[in-house]
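Notes for the one structure printed next.
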């Protein structure tokens with residue numbers, strides 16, 4: 001990725017949560033290079049409760065004893081899931097993510113290796129997420145009002161534009177990674193690290209975590225790029241309107257899913273409920289050829305215009 005630092009920023013940075021903890025011990029060739037030893041340690045946190053888990057990770061609500069801030073502490077089984085180069089790339093990526101500073105992005109505060117685990121300290125998103133909101137409306141048999149769709153989508157676009165302007169791809173945009181605070185502020189989480197420890201964004205060998213947001217270029221293993229994030233934004237916008245993924249289907253195997261994605265075969269959104277502009281933006285983002293998808297600047301511009309228009313009507 002362009003612009004990646006060759007090492008992690010030092011602990012004196014104002015963005016870091018904790019102070020330096022002393023010099024690093026000599027590196028063990030069997031372990032991840034101990035570039036993070038001057039950061040926090042687990043002793044600096046009072047862990048309160050588990051708030052999430054993934055295949056290789058667990059997330060806890062915790063209090064940093066150094067400044068009494070409530071944070072999220074993500075513990076990743078980094079040595080069980082990847083080789084040495086992937087671990088080094090993962091640590092570099094975290095260094096890049098810490099440079100992001102945006103009100104709609106969950107802040108990466110610190111990271112350190114301890115007990116053979118990668119510990120990532122994050123701003124706590126102590127709220128619901130977009131997938132829960134979609135499920136709520138589906139259960140109520142109600143569509144999400146278009147004004148509400150744009151209210152949240154414009155904030156998400158602002159977050160993604162900030163990331164792309166700094167040459168950072170998200171790689172895992174989906175409703176479950178879009179948190180919404182009690183005051184209606186969007187917080188985009190799980191940034192950039194999906195390729196390291198998320199099985200849900202790759203073509204899994206089973207239907208567990210079926211990748212409904214996987215773009216055609218991922219199917220053809222052509223690599224992820226910034227336009228792949230745009231595809232995911234289009235899928236998310238569609239799902240907010242239709243209350244299900246564009247490529248969702250009952251009893252569908254991975255082969256038929258990939259066929260639907262390659263052909264952009266999805267049901268049209270109801271024209272009587274949603275504007276032509278929304279439906280047009282979805283079709284532009286969910287387009288087979290990534291070179292013909294709009295960039296995030298355009299998507300954000302449309303979202304801003306529609307947010308203003310729907311808020312005033």
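Cβ coordinates are placed from backbone N, Cα and C, and glycine is handled just like the others.
Residues or ranges marked as active site, proton acceptor in Swiss-Prot (evidence: sequence analysis): 172. Of all Cβ atoms in the shown protein chains, 22 besides its own fall within 10 Å of the Cβ of residue 172 (active site, proton acceptor).
The ATP binding site annotation in Swiss-Prot covers 51, 52, 53, 54, 55, 56, 57, 58, 59, 74.
Residues or ranges marked as domain 'Protein kinase' in Swiss-Prot (evidence: sequence analysis): 45-310.
According to Swiss-Prot, the feature phosphoserine maps to 37 (among others).
The annotation phosphothreonine is assigned in Swiss-Prot to 202 (among others).
If you look up Swiss-Prot, you'll see 206 (among others) marked as phosphoserine, on the strength of similarity to another entry.
Marked as phosphothreonine by Swiss-Prot: 210 (among others).
Here Swiss-Prot flags 1-32 as region 'Disordered'.
Listed as Cβ neighbours of the region 'Interaction with APBB1' (267-270) (distance under 8 Å, sequence separation of 6 or more from its ends, same chain) are residues 143, 238, 241-242, 246, 278-279, 282. Feature annotation from Swiss-Prot assigns region 'Interaction with APBB1' to 267-270; the stated evidence is similarity to another entry.
A strand conformation is recorded for residue 108 (site 'Autoinhibitory') in the three-state DSSP classification. According to Swiss-Prot, the feature site 'Autoinhibitory' maps to 108, an assignment based on similarity to another entry.
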Ask   = Ranked by the number of other Cβ atoms within 10 Å of their own Cβ, which of the binding-site residues 55, 57 ranks first?
value = 57
Query = How many helix, strand and coil residues does the region 'Interaction with APBB1' (267-270) contain under DSSP?
reply = 0 helix, 0 strand, 4 coil
Query = Within 10 Å of the Cβ of residue 51 (ATP binding site), how many other Cβ atoms can be counted across all chains shown?
reply = 16
Note = residue 53 (ATP binding site) has its Cβ surrounded, within 10 angstroms, by a count of other Cβ atoms equal to 12
Remark   = Least crowded of the recorded positions 59, 108, counting other Cβ atoms within 10 Å of each Cβ, is 59
Inquiry  = If you pair up every Cα among 51, 52, 53, 54, 55, 56, 57, 58, 59, 74, the residues annotated as binding ATP, what's the maximum separation in angstrom, rounded to an integer?
reply    = 15
Note = Students should find that the Cα atoms of residue 53 (ATP binding site) and residue 172 (active site, proton acceptor) sit apart, in Å rounded to an integer, by 16
